[in-house]
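Chemist: First, the structure itself, so that you have it in front of you.
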Amino acid sequence: MKKILVTGFDPFGGEKINPALEVIKLLPKKIGENEIKILEIPTVYKKSIEKIDKEIESYDPDYILSIGQAGGRTDISIERIAINIDDFRIKDNEGNQPIDEKIYLDGDNAYFSTLPIKAIQSEITKNGIPASISNTAGTFVCNHVFYGVRYLIEKKYKGKKSGFIHIPYLPEQIIGKADTPSMSLDNILKGITIAIEIIFSVENDIKKLGGSIC
């Protein structure tokens, strides 16, 4: 039996809902013999990572998958890399707005996802749901968490694997926002469930085209 911790943020930036939180609430508690535990985290500098750290310590998952909203994206975006910088375009939910600050002074400049990102992307698209590999998780709390969890694993939770997936707005979030893409909660749920199934079943990622020119 393997265990995965799946995190989702609370609403931020004036939104009333966050699709990341909505989708994790709908996840099953098990896939086969493997366990899924969900965790709501605040869209807040430092506190988000601290909450995950406590849960890793108590739950001892094999994998940690964090989900975040990326308004404006057209598909499910499986993130490749997290960078050691906080440069918040907007304030977080407690008014913090660090600019050009390192997340951890003793951390590497960047950490790569240790999840099978291309196998995840391939299987999601095979099921008729748009998905791609993303090479930037931004510089807001999503990247903060992606980097922070990878840092914690490198420093104190050796052997665990983690990564991050961004998802689009839900249709109800784009009312009055002309030409802004969205995805149904059903399709997001299918995509994230597939991602978890692949995380449980694929040890080594596949090799396939997934890069970008710029």
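Just so you know, glycine gets a Cβ as well, placed from its N, Cα and C.
The active site annotation in Swiss-Prot covers Glu79, Cys142, His166, and the record cites sequence analysis as its basis.
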Chemist: State the count of C-beta atoms found within 10 angstroms of the C-beta of His166 (active site), not counting that atom itself.
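Modeler: There are 24 of them.
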Chemist: To the nearest whole angstrom, what is the C-alpha distance linking Cys142 (active site) and His166 (active site)?
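Modeler: Cα to Cα, Cys142 (active site) and His166 (active site) are separated by 8 Å.
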Chemist: In sequence order, which residues at least six apart in the same chain have a CB under 8 Å from the CB of Glu79 (active site)?
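Modeler: The answer is Ser113, Ile117, Ser134, Thr136, Ala137, Phe146, Gly163, Phe164, Ile165, His166.
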Chemist: Reduce the DSSP letter at Cys142 (active site) to three states and note it down.
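Modeler: Reduced to three states, the DSSP call for Cys142 (active site) is helix.
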